[in-house]
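Residues or ranges marked as ATP binding site by Swiss-Prot: 29, 30, 31, 32, 86, 87, 88, 89, 90, 413, 476, 477, 478, 492. Feature annotation from Swiss-Prot assigns region 'Disordered' to 521-541. Per Swiss-Prot, compositional bias 'Low complexity' is recorded for 526-535.
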């Protein structure tokens, strides 16, 4: 297909239009008085959300060049979400501010490479300043406050604080849909290990790119599966019972994996394959832990067991299994409580006996997975639309809380970004590099300005007021007053704020140094739509 090219100012202006269209949609959701956005779905009811990355991913612009600009901003939101789990709207606002200020200067004749150096220098100084002002998460109240701010709900904040208290800061917390209208917290026996699906075609939820199996059988083996015939009798037994299957194996190679994927895509049965966790003796021990938890048997040569002879009775079972590209979570395994307790006691004995600190840490990790359980937040709502919106908020709050536990927290509401302006302004530079620093200085004001505007207040007035306040004092948009943000419990995870700024600066600098854009050329005479099928030919394939 022929390509269409645009250069210099023409290229940048088109991409800027795309940046603005996406950012103007996303930034209306920022802050406690931000609005929602309604997204049309290809099927089912529309989705109502204020989640920045969800909105960004949903936007496709008709103009190819504008769409490329929009997709670059969407990439900023996605990357921030992947790293920190929240802060996607802030990242979008920062990107728009840097790109707009940068484009003005490039159009006026500034060298984009010099501007890029200045942006990178200023961003580094801002991140260093953020780390210096960061507070550590010390109490349950700290966790509740961070989760409350992210979800705009004190009830959600308390729920997540309770969940983390029960399973620990590093514990496994999953979010499920409830059948009722109430949102509740349960702690169930479960385990998570760091292995994801072998093929993305095994996912059941394309939006989140994860596979969810309800009441599955679980095949646990330390063998490689290269020939589908080795497990064909077992697969047939699983299909006969209309159950899904999780396969945990050393590896699946040859024609076995494509065959499993093909049957999954055809709807023959629901199957997900993951590699066994760990290596060597630790792998054997972890597989045995999974077997005990799920009531299954490890199919291994050590026990003289073959895959061809494996029966349904040797498979483990669980209430639910969730598999992402990185992790597998098994919830409510069908194992005997007595056997689980015995396994826990055995691991505790090994912890006492070992002389290796490394081995002790690994044993404690296994013990936590086996005995700590999984906290399950069951989200309830009156309608499906409300349920999705509430679920997005709780997921954001959980991600924000984990980020805060990892790197601490700073004053919220964009206050921390205002507070680092002084450190960035001290940087020495000349020419276009100085211009790049000034661009970042202006962008650091933008989140506060947007939060204020969404609350119906003049943003520039708020920004100028905060510049004259002592560090930590910010604008509480919910109550329309200035106060010490940390003391008021209005905080943001340092990791979220840092990631939003770094990702925004990175993509913006690349966009400013773009000189040519190549896109697919629209067809002048698109092919006519296929005629409707003859009603008399029904049933033919």
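Backbone N, Cα and C atoms are what each Cβ position is placed from, and that goes for glycine too.
Mapped onto this structure are the features recorded in Swiss-Prot.
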{"residue": "29", "record": "ATP binding site", "Cβ within 10 Å": "21"}
{"residue": "31", "record": "ATP binding site", "Cβ within 10 Å": "26"}
{"residue": "86", "record": "ATP binding site", "Cβ within 10 Å": "34"}
{"residue": "88", "record": "ATP binding site", "Cβ within 10 Å": "30"}
{"residue": "90", "record": "ATP binding site", "Cβ within 10 Å": "29"}
{"residue": "476", "record": "ATP binding site", "Cβ within 10 Å": "20"}
{"residue": "478", "record": "ATP binding site", "Cβ within 10 Å": "16"}
For residue 478 (ATP binding site), the three-state class that DSSP assigns: coil
Coarse DSSP state, helix versus strand versus coil, of residue 90 (ATP binding site): helix
